[in-house]
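Summarising the annotation, Swiss-Prot assigns region 'Disordered' to 1-31, 49-119, 537-596. The compositional bias 'Basic residues' annotation in Swiss-Prot covers 1-10, 74-84, 99-109. Sequence annotations record features per position, and here Swiss-Prot assigns compositional bias 'Basic and acidic residues' to 61-73, 85-98, 537-547. Per Swiss-Prot, domain 'Bromo' is recorded for 148-252, and the stated evidence type is sequence analysis. Residues or ranges marked as site 'Histone H4K5ac H4K8ac and histone H4K5bu H4K8bu binding' in Swiss-Prot (evidence: similarity to another entry): Ile181, Tyr234. The annotation compositional bias 'Low complexity' is assigned in Swiss-Prot to 548-559.
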Amino acid sequence: MGKKHKKHKSEWRSYDAGELGSPGDQSQYYVDKPLEKPLKLVLKVGGSEVTELSGSGHDSSFYEDRSDHERERHKEKKKKKKKKSEKEKDKYLDEDERRRRKEEKKRKREKEQCDSEGETEVFESVRKVDIEATDRPVRACRTHPAENESTPLQQLLEYFLRQLQRKDPNGFFAFPVTDQIAPGYFMIIKNPMDFSTMKEKISQNEYKSVTEFKADFKLMCDNAMTYNRPETVYYKLAKKLLHTGFKMMSKQAALLGDEDTTTEEPTPEIIMPTAAEVVKKSKKPSKDMFRVMEEDQSSIFEPEGNACSLTDSTAEEHVLALVEHAADEARDKINRYLPNCRIGYLKKNADGTLIYTVVNGDPENEEEDTHLVDLSSLSSKLLPSFTTLGFKEDRRHKVTFLNSTGTALSLQNNTLFTNLKPDQIDLMYAGYGDDTGIQCALSLQEFVKDCGSFAKRMVNDLLDQITGGDHSRTIYQMAGSEREGSSNSVLDYMALKTYSDVSLDMSMLSSLDKVKKELEHEDSHLNLDDASKLLPDFHDVHNDRGGSRPSSSSSVSNNSERDHHLGSPSRISVGEQQDIHDPYEFLQSPETENQN
């Protein structure tokens, strides 16, 4: 305890004896007088001192000095009491609060020294408010944001980065990897990544979405798992960091505000007793002791399993985080290359309605973007007041019968297959399909025409497999139509040679064949000789008729006997014709017709 403050007597009571009356009336004549010595003035003039005493002290200046002195003493008492109470309060404050209060006191002391003594209390309060207002930071204008102000995306990514760095207490991924730390690292890893590079990209606002940040984080962990072996610490930490990071940055954790701010506790160091200590404790170590030591060492140095095994409870969350990351990457890629497209799939409800679900919809929309699919959505709306559509038959492209002998198709087929009838051509088209199929079948048969029966049978089997058995049916039907046509014609004696095994005399057929061949040969020679003789005659008649111009077109000379001889039907024997007309009957003059 300090020294107790001594109380001061504020005043002394005195009176003048000459002015007082009786002792009973003296109480009203007490006068308050200060207990002070009179002022002494010492003047030095030329080395001599002159002392002068002041008067009785009843001047007006004395009372003014007295009031100022009492006011100052009163202030000092208040300050002392305030300091004492503040010291008692400071006992229960922490260091930061004490430091802050000391700075405030120092600042106030400096301000009071700068202020003049004649300022009023009101002015001082206003002055204090103004000074305190200047200590506050100047607010930036809202219309012109500061250049270094971070965007909400940057703040979110910085928060993610801080949380991820807490998961790496040893700082393995804090800075870029060099060849001195990991020899041959850049020969294996082509795209290195670390936390410092990610922080620079955040500060430069290079990340346009959280998906790009997650892609760089996954690249960093994949690089560590690619370069290091599974039993190393770096591989295990990278796999664990990948799992926890994706779980933290998942959409559900971001929406629910799942903040994992707890720092990982360092694993306690396990100190195994050395073999020497064991021997000291037991001079004769048994086999059980060695077995226990081996089991303990194997449990310590045994490599950890996968961070996300099939039996792990966090496996589903890890897979969900990876799936969400892949979905976000696919959505960003679609929006980047096809910004206005809507990709989805069709789904049928229980009531039978068909719904189209959009995959790359708005990610902020929690509900699925679905559309009902019906005929009105697939086709345009019909105009009102039109219930039926008009129909007009087009007669310009009317289909006619294709099997008639006068059509263009039958004429074309006759030019391609001159030795076949229209019915046979139809059978071939029905069996082989088109012209290409018919030509292919004929080409194969022509190729094995001079071969044996085995090759022909192989070709027929091949055509049957190609046409599905239509080849054999076509040949059978064509052979049947030929047999029907031959039954109506003259008997073919040469076909009877196949019945030689029957008890019939076939010697006469060979002689008939020889006679028929000789007759056909002689007839062909005679026809050629006659035609060669008639050609010069036709040439002479043509010259006679075309050499001289007739006098008038109305009169034409009569036909001569030579003309009738050359134009007779017996001379025109080029093929078999049923109706042959005399060409000269159309060239008679009109005079002869009038005479008749």
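Each residue's number is its place along the chain shown, starting with 1.
A Cβ is built for glycine as well, from the same backbone N, Cα and C atoms used for every other residue.
Note that the coordinates shown come from a computational prediction; the quantities given were computed from them, not determined experimentally.
Here the domain 'Bromo' (148-252) returns a mean pLDDT of 87 for the predicted model. When the Cα atoms are compared, Ile181 (site 'Histone H4K5ac H4K8ac and histone H4K5bu H4K8bu binding') and Tyr234 (site 'Histone H4K5ac H4K8ac and histone H4K5bu H4K8bu binding') turn out to be 13 Å apart.
According to DSSP, Ile181 (site 'Histone H4K5ac H4K8ac and histone H4K5bu H4K8bu binding') sits in a coil region rather than a helix or strand. Note on Tyr234 (site 'Histone H4K5ac H4K8ac and histone H4K5bu H4K8bu binding'): other Cβ atoms within 10 Å of its Cβ, all shown chains, come to 16.
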